[in-house]
2 protein chains.
Amino acid sequence: MTFPVVGMVGGGQLARMTHEAGIPLGLRFKLLSDTPQDSAAQVVNDVVVGDYRDLDTLRDFARGCDVITFDHEHVPIEHLRALEADGIPVRPGPDALVHAQDKGVMRARLTELGAPCPRHRVVTGPADVAAFATEVGGFPVILKTVRGGYDGKGVWVVRSEEEAEEPFRAGVPVLAEEKVDFVRELAANIVRSPHGQAVAYPVVESRQVDGVCDTVIAPAPGLPDELAGEAQLLALRIAAELGVVGHLAVELFETRDGRILVNELAMRPHNSGHWTQDGAITSQFANHVRAVLDLPLGDPRPRAPWTVMCNVLGGDYPDMYAAYLHCMARDPQLKIHMYGKDVKPGRKVGHVNTYGDDLDDVLERARHAAGYLRGTITE
Amino acid sequence: MTFPVVGMVGGGQLARMTHEAGIPLGLRFKLLSDTPQDSAAQVVNDVVVGDYRDLDTLRDFARGCDVITFDHEHVPIEHLRALEADGIPVRPGPDALVHAQDKGVMRARLTELGAPCPRHRVVTGPADVAAFATEVGGFPVILKTVRGGYDGKGVWVVRSEEEAEEPFRAGVPVLAEEKVDFVRELAANIVRSPHGQAVAYPVVESRQVDGVCDTVIAPAPGLPDELAGEAQLLALRIAAELGVVGHLAVELFETRDGRILVNELAMRPHNSGHWTQDGAITSQFANHVRAVLDLPLGDPRPRAPWTVMCNVLGGDYPDMYAAYLHCMARDPQLKIHMYGKDVKPGRKVGHVNTYGDDLDDVLERARHAAGYLRGTITE
C-alpha cells in the first residue's frame, strides 16, 4: 500500500506519542533524534540520529518522507524554507512556526489581528523595563526571552529595575509583559488541516506549579459557554490567520474580570492536550498526524464528563517501577503514560489520565497516582 | 529506569498492536520477526529477523528479554521448554500453549475438566469418520487437522465417507467433531496473570464469513446474563486449570437449546478482542502485556453500550489509501486500525471499531467502513 511516511523531527515524548497514534493509522514513521536513547527513538523503527540544526542532516532525513512535522519548535526557520524549496511539505510551515519560535513576532502579529493579549513590548534594558512598568501600573512585570523559553525557563517575574538586570545578561531580545491578574489558566486546543478543515477540543483548565504544567482538567470546570466558545473561536482564527497546520495550543489567562488573554502559542501536540489520549474520541496526536497528511480530521469530542491529566515529574528515586505497579493495583482504571526517560528531579517522565462522572474522584485519582509515582505521596 | 523488556515472537498484527499498547506503559519491546517487512517489524525499534523454529535463534533473541510472549502459537513446545530451562519466563508457558497448538490435546483436557465440548474424537481414516458420524447422528461432521489450522484453514465440513478422504492426505492426525446446531458464535475473553489475578471482558458475538471472523459485537446482543456469566466463568476456569498467562480467547457455540460449547482456544490477543482497543477501559493488548509481566491488570469493562469491530479484508484493489481517506471523511468517529500489510484478496489487512448507544447505527458504520475499504461497497 502507498501509505505515507511521516518524518518527525525531534525524539521527545511528543514524537513518541505521535508515533503511537500513527500505528493504527497504518503510517510509516521516520524519526530524526538527537540520540538513540531519546524517548521516541526507543519505540520507532526508522530512526536517524542527527542534529536538526544542520541543514544537510535535515535534507538527508527528509528524503523519502511525505511530510515533515515536529516534536519541538526549534528547527531554524531558514532550514524549513530550504526543505520547502526542495519540495518537501513542512507542517506547520515556517511562516506559521516563526510565531511559536519568537514571542516578539507572536505578540506583534496577535496584536495586529486584534487578539486579546497582555500589554507588552520589547524592552532594551532595565531602565526600559522600569518605564514599561510605569506604563502598565507598576511592578511586578513579566520578562521573557523572545526565543527558547519553555516550562518556566526564560521567564522572570521582576519586582524592580534591579531585578530586571538578569534577563538581559544573555544578550538576547527581551519582551516585557504586564503581570495579568488571572484567576486561572486555560488552553484552547485546535487542529487544522492544510485545506482548512479544523476541529476544536473542549477548552481545558491548566494548573501550573513552579511554571510547569501540573494538572489539566477537561473541560475547564465552571467555564461559561460563551467564554469557552470565544476561546475556541480565537484559537481557530489564530490558526487560520497564521496558517497553522496540525495541532495549535493557545494558552490563555482567564482574568478576574471575565476576559481571556493569550499567554503562549504552541504549534505541535501539547501537554494541555494529553488528556485527549484517553478522554476524547480522537486524540490530539492522531489529529495532528491526520492534519499534517491532509487526511480528514477525527471527532474531538470528549468520551467522559470529566478527564484529568497530571504530569509525572521525576522525584528523588530513580526507579519508578515499584510505584508504577502499586498505582496499577490501586486503580485499575488509571491510564499511565510513561516516556521511557531517565528519572531526574523535576523532569517530566510521564503523565496519568483519569476520567469519569465525578470530578472530585477523577482529580483525586490522577493526583494520587502522579504524586505516588514521583514519591511525594507514600501511602 | 529498570522497566522490563518484552520479547515478542512473531511479527504479525497482534505483535504490532501489543507494541502500540506497550508504548504508554513505558516498556521496551524486542521483536523476533520472519522478515523486516512484517506488520510489527515496521513499527518496533528492536527487531531481530530470524526463524522462530530454530532454537539457537530463539535463545539469542531471548537474551536480554525479561519475558517471552507470542504473536502466534507455532513455536515448538520443546524450544519453549529449553528457554524455560535457560531461566527465561515464557508466558503463556509450554504446558498451557500445547492446548492451543494441538486440538486433540485440547479436547481431551477440556473433556477431563468437564468443560462442555462438541462430541469429538481423533479419527484414523474415512471409514472411522463414517463410524463417528453414525455415533453422533449422521453426516455432516467437522474434520480438523489437530495442528496448524486457522481462519477456516485445516477445517472441513464433510457430508460423506468419500468427502472425508482429503483431510487425511497430509498424513497428520485428524479430529472429528459433531456439527453443532448453533444459533451463533460467541467469545469469552479473559486475561490471567502468573499470580492468578484475572479479568473477564464482556462476552461478545462473533460472526464468521467463509470461516473468517467478519464482525464482533460487544457485548453479545440479547445474551442472557446467566449464560454470559457461565461463559466467563468457564473461560476463567480453563485459564486457571491450564495455567494460561496472558490473554485467553475461548470461542464458543451458543446452541439452539441455550447451551454453550467450546469451539477453539487461543492463548494470545485475539481477533474477537480487537474491539477492546476503543471499546474497553483497558484493551486486550494492554492487559496481555501487563499479565505476562505480572503487573496488576486493568479494568476490562466497556466504555460504551455497544462496540462493533469489523475486519478489513483485502479486495481487488491493492491501494486502500483513497478509500481510507473517504471513510475518515464520512465518519469522524470511526477508529481505523491498519496493519501495514500488502493487500491480497481475502487477507486481513486491518479492522475498524465503532461504538455508541445505538447498535444499528454502530453496526452500519463499521460494516460500511470495512466494506468500503475492501471495495465491496462503493458509495
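Any Cβ shown, glycine's included, is placed from N, Cα and C.
Features as listed in TrEMBL:
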BINDING   A:LYS103, A:LYS144, A:GLU177, A:GLU178, A:LYS179, A:VAL180, A:GLU185, A:ASN263, A:GLU264  ATP binding site
DOMAIN    A:107-293  domain 'ATP-grasp'
CB within-chain contacts under 8 A for A:GLU264 (ATP binding site), separation at least 6: A:LYS103, A:ALA249, A:VAL250, A:GLU251
Cβ neighbour count within 10 Å of A:GLU177 (ATP binding site): 22
Lowest local Cβ density (other Cβ within 10 Å) among binding-site residues: A:LYS103, A:LYS179: A:LYS179
Mapped DSSP class for A:LYS103 (ATP binding site), helix or strand or coil: helix
Which same-chain residues, if any, lie at least 6 apart from A:GLU185 (ATP binding site) yet have Cβ under 8 Å of it: A:GLU205, A:SER206, A:ARG207, A:GLN208, A:GLU251, A:LEU252, A:PHE253, A:GLU254, A:ASN263
Predicted model, mean pLDDT over the domain 'ATP-grasp' (A:107-293): 95
Largest separation between Cα atoms (Å) of residues that the record links to ATP, namely A:LYS103, A:LYS144, A:GLU177, A:GLU178, A:LYS179, A:VAL180, A:GLU185, A:ASN263, A:GLU264: 18
Three-class DSSP secondary structure - A:LYS179 (ATP binding site): coil
Secondary structure of A:GLU264 (ATP binding site) (DSSP, helix/strand/coil): strand
